[in-house]
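According to TrEMBL:
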DOMAIN    12-91  domain 'Peptidase S26'
ACT_SITE  Ser31  active site
ACT_SITE  Lys81  active site
DOMAIN    105-140  domain 'Peptidase S26'
Amino acid sequence: MYVFLGAVAGPVLALLLLRYFLSRLRIDGPSMMPALRDGQRVLVVRGAARLRTGRIVVVAPPEGLVRPRRDGTVRPPLVVKRIAALAGEPVPPEVCGAAGVPAGTLVPPGRVALLGDNPAFSTDSRFWGLLPVSSVVGVVLDGTAHPPGKPSPDGRPE
């Protein structure tokens with residue numbers, strides 16, 4: 001009886017832990033092209049651990065940023081951006097104006113500069129300024145992006 005419970009409880013607990021730490025996110029818009037395309041799905045590790053410049057992260061944008069989504073609903077979106085600078089690194093020149101700092105200023109502790117890979121279609125730290133690290137919801141896993149137009153693991157087209 002106890003062996004059976006252990007055999008069932010172990011995998012169930014592992015699945016619950018994976019579900020808590022991993023989530024699947026669909027990219028909405030061209031702001032991260034060419035790295036991530038509109039409609040592409042990625043796996044996200046929840047939390048702000050292991051942040052490094054160049055990593056792609058999921059962020060809760062600043063208060064007051066509410067844009068209508070394609071389906072017409074209005075809610076604060078999660079956004080996907082690349083880390084351009086962390087605490088102790090120079091604020092990127094294109095962010096200095098929005099951050100209200102002179103060129104050459106270092107990112108202060110607890111803050112992060114984020115940029116989209118496709119600047120013409122990205123709302124990021126060039127508009128928001130530096131964001132608190134606490135706004136980072138998770139880190140996109142490398143190599144987990146699923147190309148749009150191909151069937152996903154569950155068999156549905158992306």
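A Cβ is built for glycine as well, from the same backbone N, Cα and C atoms used for every other residue.
Because TrEMBL annotations are produced automatically, they should be read as predictions rather than curated entries.
Lys81 (active site) carries a strand DSSP state (E or B).
Take the CB of Lys81 (active site) and look out to 10 A: across all protein chains shown you find 27 other CB atoms. For Ser31 (active site), the same-chain residues that are 6 or more apart in sequence and have a Cβ closer than 8 Å to its Cβ are Val79, Val80, Lys81, Gly116, Asp117, Asn118, Phe121, Ser122, Thr123, Asp124.
In the three-state DSSP classification, Ser31 (active site) falls within coil. Per-residue pLDDT, averaged along the domain 'Peptidase S26' (105-140), amounts to 94 for this model. Residue counts for the domain 'Peptidase S26' (105-140) under DSSP, split into helix (H, G, I), strand (E, B) and coil, are 10 helix, 13 strand, 13 coil.
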